[in-house]
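Here is the structure we will look at, set down as structure tokens.
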Amino acid sequence: MAGSVTVADLVKNTRLDVYHGADLLEKKDITTSDISRPGLALTGYFNYYPRERVQLLGKTETAYSKNMSHDERLMIFRKMCQLTTPAFVISTGLPVPEELVQAGEENGVPILGTKMTSSRILSNMTNYLEGKLAERQSVHGVLVDIYGLGVLITGDSGVGKSETALELVKRGHRLIADDRVDVYQQDEQTLVGEAPAILNHLLEIRGIGIIDVMNLFGAGAVRQDTDIDLIVHLENWTPDKQFDRLGNGEQNRKFFDVEVPEISIPVKTGRNLAIIIEAAAMNFRAESMGYDATKVFDDNLNKLIKTNSVHDSHK
């Protein structure tokens, strides 16, 4: 399920100024993350005018509009200000054309502005809207920021996910979501997880109930969202189940178009899962930086075998 965004949300999260139409912000919905630079529309070409997008006017567009007469500008801006148009944004602190204000008032389109350049505000708005409007998938698990890595802890109910997350928070790491994690794809290689609004900062511990992590441990113990870099799946230990002992059994889990590395950790009485998951996160970071402990072990083992073979051949 995709999220929903109003112009009011966009204004708040991208630090836009409201020039006209403040009473319309909550009523105007944004349905696409694409931002329009309406250069062709200013020339009068409206065959493919994307009226459902936020319209961004920069130096080029405003300079071109100055070459028109008052009546021409008013006619063009009236055509551009459609009922389905969420808003107009004027970048670089440029003055707002009076005709645009009039057309916006007539058709209920807010006029916004910023001192940021067109490139910067375009990037900010696109990134924000892509995150909020992306399709979401709910995952049963706990998401924790460990040493700057987003670790999604999954497993059957009762296996100890929340208790492990609590221990990780006590050890200085940060909770993002417990029980339910909303996951969305930010770009071709990035998966982001966040908590549903109703579960923000909350952790459920059997026997205690629901605790507010931010109130108990402070604002430094929580985060709003994080990239998901690693999945740790907790499984109850059974004698007949084979678990990876060398770290060379690579597994991935796919969400949308992104594959995330996954490791399975057996749960057994007496094992300190928080420390094990910390070690898994640090080992993953080391591997991403080019150091592979398993490969080093294999290389050393092969050298030892080769050395022993040479010695045996000389006997």
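Including glycine, each Cβ sits where the backbone N, Cα and C put it.
Annotation comment: Swiss-Prot describes His140 (among others) as active site. Under the DSSP three-state reduction, His140 (active site) is assigned to strand.
For Gly155 (ATP binding site), applying a Cβ distance below 8 Å and a minimum sequence separation of six or more within one chain yields Gly141, Lys161, His233, Leu234, Glu235, Val267. The annotation ATP binding site is assigned in Swiss-Prot to Gly155, Asp156, Ser157, Gly158, Val159, Gly160, Lys161, Ser162 on the grounds of sequence analysis.
Look at Swiss-Prot and you will find Lys161 (among others) tagged as active site, backed by sequence analysis. According to its DSSP assignment, Lys161 (ATP binding site) is helical. When Cβ atoms from all protein chains are considered, those within 10 Å of Lys161 (ATP binding site) total 25, not counting its own.
The number of other Cβ atoms within 10 Å of the Cβ belonging to Ser162 (ATP binding site), over all protein chains shown, comes to 21. Annotated Mg(2+) binding site per Swiss-Prot: Ser162, Glu204, in sequence order, evidence recorded as sequence analysis.
The active site, proton acceptor feature in Swiss-Prot is assigned to Asp179; the stated evidence is sequence analysis. Remark: Asp179 (active site, proton acceptor) has His140, Gly141, Val142, Ser162, Leu199, Glu204 as non-local neighbours, by Cβ distance under 8 Å and separation of at least 6 in sequence.
Annotation source Swiss-Prot lists active site at Arg245 (among others).
The region 'Important for the catalytic mechanism of dephosphorylation' annotation in Swiss-Prot covers 266-271. Residues in the region 'Important for the catalytic mechanism of dephosphorylation' (266-271) partition by DSSP class (helix H, G, I; strand E, B; coil) as 0 helix, 2 strand, 4 coil.
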Select the most exposed residue of Asp156, Gly158, Gly160, Glu204, where exposure means the fewest other Cβ atoms within 10 Å, treating these as the binding-site residues. Gly158
Same-chain residues at least 6 positions away from Ser157 (ATP binding site) with a Cβ under 8 Å from its Cβ, in sequence order, are His140
Fewest other C-beta atoms within 10 angstroms of its own C-beta: which of the recorded positions His140, Val159 fits that? His140
Beyond the site residues Gly155, Asp156, Ser157, Gly158, Val159, Gly160, Lys161, Ser162: chain residues whose C-beta lies within 8 Å of the centroid, for ATP: Leu234
